[in-house]
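What TrEMBL records for this protein:
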BINDING   Gly24, Leu25, Asp26, Asn27, Ser28, Gly29, Lys30, Thr31, Gly72, Asn130, Lys131, Met132, Asp133  GTP binding site
BINDING   Thr31, Thr50  Mg(2+) binding site
Amino acid sequence: MGLLDRLSGLLGLKKKEVHVLCLGLDNSGKTTIINKLKPSNAQCQDIVPTIGFSIEKFKSSSLSFTVFDMSGQGRYRNLWEHYYKDGQAIIFVIDSSDKLRMVVAKEELDTLLNHPDIKHRRIPILFFANKMDLRDAVTSVKVSQLLCLENIKDKPWHICASDAIRGEGLQEGVDWLQGTSHAISDPSCEDMKR
Ligand SMILES: Nc1nc2c(ncn2[C@@H]2O[C@H](COP(=O)(O)OP(=O)(O)OP(=O)(O)O)[C@@H](O)[C@H]2O)c(=O)[nH]1
Ligand SMILES: [Mg+2]
């Protein structure tokens, strides 16, 4: 850590950092969402399928988010679990128009929720019911039902309808994440870490 970093940290000027895992099936729009959350001059114009994972950063008004943008392709999904321990929040993205693979998304979510590094932690999960602009998209309420989100009782969660191409719905999600993440990045709040 540089001197300036340390100084701004001591003065309380540096934003607290939160480690976020961005998960979901391939083609759901994870990279497009994270890209849209970056300042416009840092956004990439050509989004390509993620290989393995990439580390990205974006800021909200009071927090700095470091995001592990994981590939959702089947052959890379076994990488996800290696990052669970260090994750402080999860963004789970669903392609709301991909009804055929909704059951696969649910299976991956259930596997995540039952993983020993996640199961007993009050880690916040933000769901984006993405691709709302597509004609075939189901509503976020329907996505929530198909994934049985009401069964998640021991973690704070929230679902937002989004259109990542136009950036709609993303700010609502980040505002929620910021609100819940303040508790996890605050060392005095032990409850959220368990
Ligand atoms: N219509 C529409 N297309 C979207 C939306 N979000 C993403 N896409 C498109 O969906 C495709 C996949 O987007 P990515 O962001 O690469 O998806 P990903 O989840 O990161 O995929 P992997 O890296 O393979 O796991 C791209 O062609 C995007 O332009 C959306 O809200 N609406
Ligand atoms: Mg990607």
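Cβ atoms here come from the backbone N, Cα and C positions, even for glycine.
Summarising the GTP site geometry, the residues cited as binding it (Gly24, Leu25, Asp26, Asn27, Ser28, Gly29, Lys30, Thr31, Gly72, Asn130, Lys131, Met132, Asp133) extend over a maximum Cα to Cα distance of 21 Å. Within the set of binding-site residues Asp26, Lys30, Thr31, Thr50, Asp133, Lys30, Thr31, Thr50 have a CB atom less than 6 Å from some atom of ligand 2. Its Cβ placed at the centre, Asp26 (GTP binding site) has 16 other Cβ atoms within 10 Å. Looking at Gly72 (GTP binding site) and Thr50 (Mg(2+) binding site), their Cα atoms lie 8 Å from each other. By a simple count of nearby Cβ atoms, those within 10 Å, the most crowded of the binding-site residues Lys30, Lys131 is Lys30. Residues near Gly24 (GTP binding site) in space but far in sequence (CB under 8 A, at least 6 apart, same chain), listed by position: Lys30, Gly72, Phe92, Val93, Ile94, Asp95, Ala105, Glu108. Cβ neighbours of Thr50 (Mg(2+) binding site) (same chain, under 8 Å, six or more residues apart in sequence): Lys30, Thr31, Asp69, Met70, Ser71, Gly72, Tyr76. Non-local contacts of Asp133 (GTP binding site) by the CB criterion (under 8 A, 6+ apart in sequence, same chain) comprise Asp163, Ile165, Arg166. Counting every protein chain shown, the number of other Cβ atoms lying within 10 Å of the Cβ of Ser28 (GTP binding site) is 25.
Counting Cβ atoms from all protein chains shown, Thr31 (Mg(2+) binding site) has 23 others lying within 10 Å of its own Cβ.
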